[in-house]
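Novice: Have a look at this one.
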Amino acid sequence: MNNKIEKNDNNFIYKIINEDFKKNKNLLLHTRFPPEPNGYLHIGHAKSICLNFELANVYNGYCNLRFDDTNPVKENIKYINSIKNDIKWLGYQWHKKVRYSSEYFPILYEYAKELIQKGLAYVDELTKEEIREYRGTLSTVGKNSPYRNRSITENLKLFEKMKKGEFKEGEACLRAKINMSSSFIVMRDPVLYRIIFSTHHQTKKKWCIYPTYDFAHCLSDSIEGITHSFCTLEFQDNKNLYNWILKNTSIKHYSKQYEFSRLNLEYSILSKRKISILIEKKIVNGWDDPRILTISGLRKKGYTASSIRDFCHRIGITKQNNLIEFSMLEYCIRKELNKKAIRTMAVLEPIKIFLYNIDNDHEEKLIVPNHPKHLHLGTHEIIFTNTIYIEREDFKEKYDKKYKRLKIGEEVRLRYAYIIKAEKIEKDESGNIIKIICFCDINSLGKKPINRKNPAVIHWIAVKNSFPAKFKLYNQLFKIKNPDQEKNFLSYLNSNSLIVKNGFVEKKIAQKIIKKMSNNFIKLFFQFERTGYFCVDEVDSKENKLVFNRTVSLKDSWNLKK
């Protein structure tokens with residue numbers, strides 16, 4: 001795997017690290033990726049994964065995987081397993097064992113007691129609502145809790161009672177004693193521990209008090225010897241608390257936090273809470289729906305690990321929040337698939353063509369390239385007969401001078417085959433076209449037409465060589481560029497985010513896919529000529545009907561359709 005982050009990159013993180021190496025030539029760079037196991041990873045997490053793991057690789061350091069498992073109510077083993085699989089799939093390996101913040105609960109508890117003993121923490125019995133009210137706002141200072149000046153002895157006893165489960169949830173919490181008038185709201189006596197009676201996936205029922213993210217995060221970083229703790233800009237103010245906790249405990253290693261801009265992508269939302277709403281309302285079909293930008297959703301859609309890494313490298317790391325064009329993500333996968341995807345033909349929404357001057361028993365084998373520019377990818381065989389399918393969109397009954405595909409009295413060339421001319425149509429009782437009767441120029445194979453223009457080319461499949469398939473055409477989930485900024489984001493859903501069409505693929509291609517499905521399935525990518533790049537949906541596909549997910553169109557046509 002190529003690491004695109006290099007020591008000569010002109011970004012602020014590179015400059016910070018190089019300055020640190022100038023000050024300490026023996027510095028061992030140590031980063032970490034610390035997800036909370038309460039959901040699935042998305043493209044925004046991929047940006048952080050690439051940053052942390054590749055910096056460690058480039059600077060010959062280490063990168064830890066640590067689960068920030070401080071809220072047992074929202075966490076689940078299935079998320080842990082999914083996150084580990086996604087990181088490996090992206091091409092990275094963490095340093096030594098997987099780590100958990102819960103491993104450090106005993107020592108975190110001791111650090112909390114140390115703050116109490118220094119008069120820097122107290123047990124508060126205000127309700128959540130009262131704490132919120134006492135905290136104040138950006139324009140008004142907070143006010144002290146009536147429990148703020150309890151003695152050290154009393155606070156130690158009360159904290160022990162919390163640990164023993166002698167308080168109910170919400171009856172007490174441990175707060176840092178900092179400054180209720182601070183201009184940073186996060187520094188207005190933040191909660192360090194709260195009571196949660198819930199079974200933890202790692203520690204089971206050993207604990208009923210749990211450290212908050214802010215308390216556990218900085219101490220876990222320092223316990224592990226993390227030298228550079230990277231997070232997104234929304235945690236910029238939290239750095240003050242990060243540093244305060246480390247400064248006021250006896251921890252030996254002092255980690256440092258640095259912030260970079262989070263990923264904001266056009267026509268998308270990356271908030272776990274909002275994605276959960278989409279799933280609960282059945283707007284999308286779970287966390288691996290290709291319309292949401294989870295790693296599992298992108299993988300199901302046909303995105304490769306290398307294309308996601310390429311995207312993360314291209315957008316770079318900055319301190320300025322900006323909205324990344326969706327077309328850049330599509331460009332990365334389109335560029336890759338253009339090189340390696342097998343070219344084949346698929347017909348969506350088919351209509352039948354009958355070539356009346358070709359014998360019924362005629363069956364001609366044609367050898368076509370798997371990729372016109374990469375001959376090493378080989379060839380495959382297609383069959384030409386007198387009855388074929390073309391796409392309904394490739395025929396127009398009413399005369400239209402601008403229409404360049406098949407119409408009555410006009411010609412088209414069948415891809416890799418002959419020129420045909422439409423002469424008449426057959427309809428059913430409802431007036432729907434069921435068959436187009438055409439003449440086939442049997443002297444046109446591989447030749448330009450004589451004394452007439454070279455016609456447009458359309459794709460096709462012989463009925464005898466067809467295999468039924470379903471095609472899922474995915475588009476952006478939202479109609480506006482930045483739905484994440486809208487309070488009523490559901491009002492901007494794109495009703496055409498998923499269009500399902502039926503049709504056919506080449507039989508021999510289908511047979512190869514089915515054979516691979518019965519063994520260890522390796523994702524297969526295709527360019528269905530004139531249609532787009534597709535992958536096999538290995539979950540929904542059956543032996544009698546394959547399902548294909550459109551990964552990306554052949555060209556960036558989204559902006560043209562809006």
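Just so you know, glycine gets a Cβ as well, placed from its N, Cα and C.
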Novice: So which range, 35-45, 123-133, 134-144, gets flagged motif ''HIGH' region' in Swiss-Prot?
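Specialist: The range carrying the motif ''HIGH' region' annotation in Swiss-Prot is 35-45.
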Novice: Would you count the other C-beta atoms found within 10 angstroms of the C-beta of Asn38 (ATP binding site) for me?
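Specialist: I count 16 other Cβ atoms within 10 Å of it.
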Novice: Counting across all protein chains shown, how many other Cβ atoms sit within 10 Å of the Cβ of Thr232 (ATP binding site)?
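Specialist: Excluding its own Cβ, the number within 10 Å is 15.
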Novice: Have a look at the binding-site residues Glu36, Ile43, Lys47, Leu263 and say which one has the shortest Cα distance to Tyr213 (L-glutamine binding site).
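Specialist: Among Glu36, Ile43, Lys47, Leu263, Glu36.
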Novice: 10 Å Cβ neighbour count around Ser271 (ATP binding site)?
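Specialist: I get 12 for this one.
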Novice: If you run through the motif ''HIGH' region' (35-45) with DSSP, how many residues end up as helix, strand and coil?
Specialist: 3 helix, 1 strand, 7 coil
